[in-house]
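Straight from Swiss-Prot, the features:
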type     : residues : note
ACT_SITE : 213      : active site, proton donor
ACT_SITE : 487      : active site, acyl-ester intermediate
COMPBIAS : 41-53    : compositional bias 'Basic and acidic residues'
COMPBIAS : 792-804  : compositional bias 'Low complexity'
COMPBIAS : 805-820  : compositional bias 'Pro residues'
REGION   : 1-120    : region 'Disordered'
REGION   : 180-360  : region 'Transglycosylase'
REGION   : 453-743  : region 'Transpeptidase'
REGION   : 792-820  : region 'Disordered'
């Protein structure tokens, strides 16, 4: 204890005295991190006015206070201070010095002899620091006023506003047939959109949108200050986030910023929207903004942009919209789904009237014209939605076109969904209709599980002219399925034989044979004895072609190689290696000649097209031309090199064609109409170990069209029979569909002939049948006789010998059963 009777802290030596009532005590140092405790004394006075102040001081960790002054000095300083101002001695950096211990009665500065008066705590009043209050107010004003201005200016200078046309919205790509008719639309996930130029939008439609959304559009700076302030309030305290945005702000929100949200993130989005809209107004013309806005805004029914909305609500081009129709579309922008006339006719009518009144207010419509307007009729929503959905076989064409664009033409999905592509395909509407009608006709009344696939390809360039994989736009595509081909694969054994110098006149036995314990027979015991390989192909003799395959160098692998050369894919989805016994690229087994391995319908059409083109292979393709929304040609097949690849020697291909020419007529009279030349081959596969069938084929071509037809069942797990229960062979329903498709597709075109084959293996084409054996003339001896009694004759005179002409040829034998 010192001379003044005050204790000192042992750890710091800072003075510590009793608390003066009404005064804030000295803040002790923060000793929470030390184990040294101050000494305990009898002095119970606290250094702070109350326990709360003590805790706050301890947490603040304030430095120790300097020693207090003498009480006499305190009084003297208080008396000398100006009125209303605390003595300077009580101000240390904005803090009062701590008072000393209370003095004796009368030592507080009161005149002697007076009774003690209630003490006024002048030092506490002196704690209010007006200088710091003023500084705080200035800082607050700077934050509230100057900071947003500086931030806005910096953001304005930094933000980069794209040029008109740089912002690519997701647009609908259109798929067209070769004649320009529409096949399908590739609709982006968020809906239907087709961009148009502002010049295509009638003036009254533009004025209706302005009247509905931003009546000062052409005069405002791109933003509404009152609307922005209202949006800020609603972001912070809840409420409608629309905020009375201008057309420019709405466009920025939809194209660049995104939809607003409540809270701080929503406020930041709104601020960004304001900056970009302001700068855009200085760099874009108002017409550019309006055009971009009309192409991006949502109108309901899955329609984005004024062009798609015109189709969705009125089924007409935007150029044909009337004043009343344009006003209704403008009325929908605020609440497109709920204001649809099909949902809320009264609300739609009220908003429509409001838009028309706005057009009068903005001088876009005269009062008389306004009075003449009638609320327009709209198409049903279901019809509008159906317009955006591809139906029937076209959906499978769309699928193939999309795949081809993505895989083959370096047109990625983003480009496909944003550039509003116009894709012209190779599909010939006449051929497509013929294929669809043929399938519908011949499958009508059959088993509901029966399915068919048809693909027609132009041999000159590989263009797919008709494509039918099923009638469900979103269903399974049987034209892309792996299916067993049966005897239609024998053609590739013939290709391999001719490539090895075995001509069409080569004779082969047709009797049954057994190889490795497997007995090979012909359907219904057919045979030709021994005949040439062209005749064996016409009759589809399994035994003859099995023997031919065994004779080939390479055997079954030679058949596989010939098939791949012609155009049979080496792999496709679901089959990593085609024509391979182990499925890993290993060699095939002998059953390849009978069509045991899986092949797609489109590949059979393509491979036969190679034969039709005298051995020149053209990859099958759907895409003829691709043009972007702004008219840029991205791809044009007519300018590409399409000379093809001579995969098979011309002489070989032409001899194969010659061997196949009689088959269509031989297969139950399926010659093409008008005597048109064709080359074809049927095929049938067996259903397991039964005598029933599972798949049936007819594949054939003319010089200008190759068509493959498959008929089977959904899962291939049941016998393929007609409605009457009869087994279906390739010469039956598939040949019917093939003939109808070819006749319909080629109707109106000139008949063509195949090239005359040159010699291969000593034969140029199919050798003529051997002449019948010569029959020597017969002689007849006539002996004159005379009857001498009833029933009794005797010769008279010498006999006479007469030479007779050869007998006339025997009538033709019965026609053999056509090949399956």
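Backbone N, Cα and C define each Cβ position, glycine as well.
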(message) To the nearest Å, how far is the Cα of the residue listed as 'active site, proton donor' from the Cα of the residue listed as 'active site, acyl-ester intermediate'?
(response) 69
(request) Please give the average pLDDT for the region 'Transglycosylase' (180-360) in this predicted model. (result) 83
(request) For the compositional bias 'Low complexity' (792-804), jot down how many residues DSSP puts in helix, in strand and in coil. (result) 0 helix, 9 strand, 4 coil
(message) I'd like the Cβ neighbour count for residue 487 (active site, acyl-ester intermediate), meaning other Cβ atoms within 10 Å of its Cβ, all protein chains included.
(response) 25
(message) Validating a neighbour-count step here. Other CB atoms within 10 A of the CB of residue 213 (active site, proton donor): how many?
(response) 20
